[in-house]
Amino acid sequence: MATTHLDVCAVVPAAGFGRRMQTECPKQYLSIGNQTILEHSVHALLAHPRVTRVVIAISPGDSRFAQLPLANHPQITVVDGGDERADSVLAGLKAAGDVQWVLVHDAARPCLHQDDLARLLALSETSRTGGILAAPVRDTMKRAEPGKNAIAHTVDRNGLWHALTPQFFPRELLHDCLTRALNEGATITDEASALEYCGFHPQLVEGRADNIKVTRPEDLALAEFYLTRTIHQENT
């Protein structure tokens, strides 16, 4: 079926292991309820009608994905990821087809809310460079002394935001910025940082702070609580 200007492809880099989870199983394959974290993350994307396809970049040696129902989903494409996140995203972009806009979403961020996703997708009507979901920093921030666990000073949190995902950009722009940044040896921690490196200024779309990334063991219980609460609210 031909794509339209409204169609969006989502890219989910899922080739990482996540050693901070202190488990032999990659964190995206840990279960919350009757689904893996990866399944929760992908289904949240597919719940929006504009997201017509999801490309998942997995490790070439991954044997777990084929055991999931996602492996046979008609809207899912699987590609081999790379050593770094940016390599996996580029592999996903190459498989995204001719869509104008792409989302990039963390495999281990299962608590995405549909209202946040809808507001982010609306950027395609008002922005040429896209933007990201983000949450204003509310905690007091400290900078440490170099090489020490000692406070150097308090950082002014005004204007500081936590970068979340999804992140949403024109496909060709993101591809070109990632390629240039990697070729020039830039440090790329998320997709927005590639655009920043190339002189662009993506928009900040305020999202819910409970859109957490499961990184440490204690995050798993918190994500389960948030997902259970959301399901309960939807059913009442």
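The backbone N, Cα and C atoms fix where each Cβ goes, glycine too.
So that you can see what the record holds, here are the features copied from Swiss-Prot:
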type	residues	note
SITE	R20	site 'Transition state stabilizer'
SITE	K27	site 'Transition state stabilizer'
SITE	R157	site 'Positions MEP for the nucleophilic attack'
SITE	K213	site 'Positions MEP for the nucleophilic attack'
Fill in the blank from the handout: Students should find that the Cα atoms of R157 (site 'Positions MEP for the nucleophilic attack') and K213 (site 'Positions MEP for the nucleophilic attack') sit apart, in Å rounded to an integer, by 21
Practice task
To the nearest whole angstrom, state the Cα distance for the pair K213 (site 'Positions MEP for the nucleophilic attack') and K27 (site 'Transition state stabilizer').
Solution key: 10
Problem - For K27 (site 'Transition state stabilizer'), the three-state class that DSSP assigns - result: helix
Problem - Neighbour-count leader, CB within 10 A, recorded sites: K27, R157, K213 - result: K27
